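S.K.: According to TrEMBL, the record shows the following:
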REGION    1-43  region 'Disordered'
COMPBIAS  1-10  compositional bias 'Basic and acidic residues'
COMPBIAS  26-43  compositional bias 'Basic and acidic residues'
DOMAIN    67-139  domain 'Cation-transporting P-type ATPase N-terminal'
TRANSMEM  298-320  transmembrane segment
TRANSMEM  332-354  transmembrane segment
TRANSMEM  701-723  transmembrane segment
TRANSMEM  769-794  transmembrane segment
TRANSMEM  814-834  transmembrane segment
TRANSMEM  846-869  transmembrane segment
TRANSMEM  881-902  transmembrane segment
Amino acid sequence: MSEPNVEKEPGPQGEESPVAQTPPAGEKKKREYKEFGHDEEKPTHANVDMSLIELKAEDLYDKEKVDLETIVIEDVFKLLQCDENGLNDEEANRRIELFGPNKLEQEEQNAFLQFLSFMWNPLSWVMEGAALVAIVLSNGDNQPPDWEDFLGIILLLFINSTIGFYEERNAGNAVKALMDSLAPKAKVKRNGTWSEIESSGLVPGDMISFKIGDIVPADCRLTEAINVSIDQAALTGESLPQSKKLGDQCFSGSTCKQGEAEGVVISTGANTFFGRAASLVGQDDDTTGHLQKILAQIGSFCLVSIGIFVLAEILVLYAGFRYTYRRGLNNILVLLIGGIPIAMPTVLSVTLAVGAQQLAKHKAIVTRITAIEELAGVTILCSDKTGTLTTNKLTIDRSTIRTYGPFSADDVMLLAAYASRTENQDAIDASVVQALGDVSRARAGIKLLDFKPFNPVDKRTEITYREESSGKLKRVTKGMTGIIIELCTRNKTDEIENKLEADVEEFATRGLRALAVAYEELDGDDFEAEGNGFELIGLLAIFDPPREDTKQTIDDAMALGVKVKMVTGDQLAIAKETGRRLGLGDHMYPAKVLKDGPAPGGKHMNLDEMILDADGFAGVFPEHKYEIVKRLQGLGHLCAMTGDGANDAPALSRANVGIAVEGATDAARGAADIVLTEPGLSTIVHAIRGSRIIFQRMRNYSIYACAVTIRIVVCFAILAFAFRFDFPPFMVLIIALLNDGTIMTLSVDRVLPSMTPDAWDLAEIFSYAVAYGLYLTASTIALVTIILKTSFFYDKFGVTFNGSIYPSSSNDPQLHMIVYLQVAIISQALIFVTRSHGFFFMERPSVALMVAFCIAQLVSSIIAAYANWGFTQIQGISGGWIGIVWVWNIVWFAPLDWIKFAMKATVIKKMRERHDRAAAAALSSEGGVPITRTQSRAASIHESMYSNRVSFIRRAARKVGFGSKISMKPEELQRFSSIQAQRTGATLARNPSRTAA
């Protein structure tokens, strides 16, 4: 006997699946239309006898015995030891103690400890050590403590900490925003009666009730559902409201759009789907950002440089020259104060703060200021779809309307609008009516006689009306394709059905929801009478359209070297269709590949390669988005993540730069680093360009700061060794203050952004710094040598030292002043070389930088002329010496550009070639995947010291009761229901009810 014929159609992954069997002869086949939507999960039972399953973790975690995601509702009641009458007050209070309140804990930080944390990094430690040396150790040789240096150092430290503290206190708290998003009130059944309580008082096992417009107060399984539709776009990313029935699961924080429901609470607080998102946001606890890593390495360079020469001075000055205690200490203080770029965090913070103000002009609010620097280096932009790339507003695609009768596409649209509500609309009715353009047309020219709204049983809407122009009674219905075609009797032919089936299948493969429209006329005046038979007249396609500017934004981002990937909770077909419309491509995968990996024999060798190659992923949950970002970071990429819903918060927090788009939830805004206040993503392009300008300013300063460190420590160490030259520490402090005041204006300097992602090449920065620093050292040593060993300046210009041709000694106060002026002028002038790529005069600086430079030089010259400060061993010099120093510096400044060009042509060129070869070798050895570089947020102990809020400060705050943190365990990253219900059941098993049998 031959098998019956089976009609095949393409399945989700291209495989064929049976859709209908051939009916017996003489019986017309009933077609099944491949509607687009969710696969229904059938309720299951335990695989073994329930009586054998004990309420302990070993049994509840064993899915071979029971799958708590899908078990029937009766078994849920049994596991949670409750019934439909709810809990009594005594049991509810007991469970509050077991599970805690239904809210997210917020970490409160003590402001004083937070302020102190800004003085807790290696650069600050050295300056703090120098301050202690000045006030505690500088008491030798019958001299008082060095109060002047002490106060100057403390002033620098407090300025730095105050700016950082102010910025940090203005930052939002992501966990608090998530907490505030929870429903504040809940209707609960306690002691057999309904009452309203604070939602924080809910516990697993409570019976709750909610209706249209309510926010679901806790995760629950429904025990009663009347025409329920839940909008969970902010949680799962699904653009369409989901219908819920008895036994279905509802997430805390989702919104009831239609109907009424009752349910049993299965998880509360941090254990809910919503709370787990908050836990993921807070998971990166003792970590540090990208800019802190760079500061750590620059700081290490400066500290090592200083340490080498401090050690050399201790050996040479004390052991070799037999210096007295105080004299040697003053020389060491010069290296500590002058060599440490103590203002580096402050200068970079000011640069970032000014940049944040500039970005605000483009409607982008920066909530984590160091994210600006990281945005400049972003190579991959992971974007959520719903509400970010798209409008999160269902729309009729008029270009795809199909017609099957004498009616035009416009006629079909108008009739479909007739069959839609104009008030209290659901999402589909609203999209149909708005597609008319003029919503008043939905009731114009007709008199409504009867309207049947959508319900889950009939799955269609229907209107009976009188056409005012003709007086005829007519009826229109719209709804699910399979339902509507069964009503059609007038044109239900094989040809029409074949065409309809093909159209519905095409819509499904493109992720479009099909909506069929049918029409009939009635004889007589009885609007409740049967009509002359429905006729199928059209098929509408519903989708969530892209924002108007999204495609251009994506093109602009790609032009800037940033690859865009879609990461959405919506379904694969929808994601592919959106990708095609935006030019992203449709090379997308379902979320399950993140667990299963690439298919054997496919083109991808491993999961990392697949993630890099993909245009996007669909059907993902928060932990999937988090994992994608984490893996891309592990491959050496800096990632930006855009989103608008609470489900995006974990990935927004994990990403180097989290971007919350306009209209985002409080949860997303709290987790994001940048919040957009205008619709769409076009602001991101402005932000990327702006961040690259800011990056160039910070790079220029970093080269300058490292060069000055080399210049100070090498110069004054050699002068001490060669001439026993003891420069006053206070004058180094004056140089540092004037330099930093000028350098602050770099925050508004004119620079051009790069067209590719920026990256910190520290070897290149240090190479330039060493070259510049040694050259400037030579300029000072040459000047001192000529002054001490020759009479050149007296012979040519007639200048003297208090009437003498030669200085009284190598530590003559006027010689100190000459060295001060020479070092102050040429050190500041160096910034014009480091800020330019070509000749310094070819790139015009900002007015602010020029004005600040001129003021600083004027102040330095006035100090040189008039400062007779006995406490710091300096004396004013004549105008002749000031002129000589200026000319000397101009002569030595001119070749600096040629040193820069020589470095580019030799050392820097070889370094870049070696880097390119290493990258190419990594690509070939890893099968096309770049070699793993440092992850963005993985901090070493040393790097974490540069974090604004360091780990030991946080731990200290918690010990003294200033706040606590949500706990987060790896197993909680599994899919939602089973973990939650299992934990609840296990807790109850360990703490059985006293009333239990």
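Note: Cβ is positioned from N, Cα and C throughout, glycine not excepted.
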S.K.: Counting Cβ pairs under 8 Å that are 6 or more apart in sequence, does the total for the transmembrane segment (881-902) and the transmembrane segment (814-834) reach three or more?
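M.R.: The answer is yes, given that the two segments have at least 3 Cβ pairs within the 8 Å cut-off.
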S.K.: Using a Cβ-Cβ cut-off of under 8 Å, list the residues of the same chain that are 6+ residues beyond the ends of the transmembrane segment (701-723) and lie near it.
M.R.: 294, 298, 301-302, 305-306, 309, 312-313, 316-317, 331, 334-335, 338-341, 344, 347-348, 351, 732, 739, 743, 746, 765-766, 768-770, 772-774, 776-777, 780-781, 784, 788, 810, 819, 823, 827, 830-831, 834
S.K.: Can you tell me which of 298-320, 332-354, 814-834, 846-869 gets the most C-beta pairs within less than 8 Å of the transmembrane segment (769-794)?
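M.R.: Most Cβ pairs under 8 Å with the transmembrane segment (769-794) come from 814-834.
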S.K.: As a quick check of your reading of DSSP, tell me how many residues in the domain 'Cation-transporting P-type ATPase N-terminal' (67-139) are helical, how many are strand and how many are coil.
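M.R.: Split into helix, strand and coil, the domain 'Cation-transporting P-type ATPase N-terminal' (67-139) gives 42 helix, 2 strand, 29 coil.
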S.K.: Where else in the chain does the transmembrane segment (814-834) make close Cβ contacts, counting only residues six or more beyond its ends and a cut-off under 8 Å?
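M.R.: Contacts of the transmembrane segment (814-834) (Cβ under 8 Å, skipping residues fewer than 6 from its ends): 700-701, 703-704, 707-708, 711-712, 715, 719, 725, 727-728, 731, 734-735, 738-739, 742-743, 746, 768, 772, 776, 779-780, 783-784, 787-788, 801-802, 807, 840, 845, 849, 853, 856-857, 860-861, 863-864, 867, 873-877, 881-882, 885-886, 888-889, 892-893, 896-897, 900.
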S.K.: Tell me, what is the mean pLDDT of the domain 'Cation-transporting P-type ATPase N-terminal' (67-139)?
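M.R.: Overall, the domain 'Cation-transporting P-type ATPase N-terminal' (67-139) comes to a mean pLDDT of 77.
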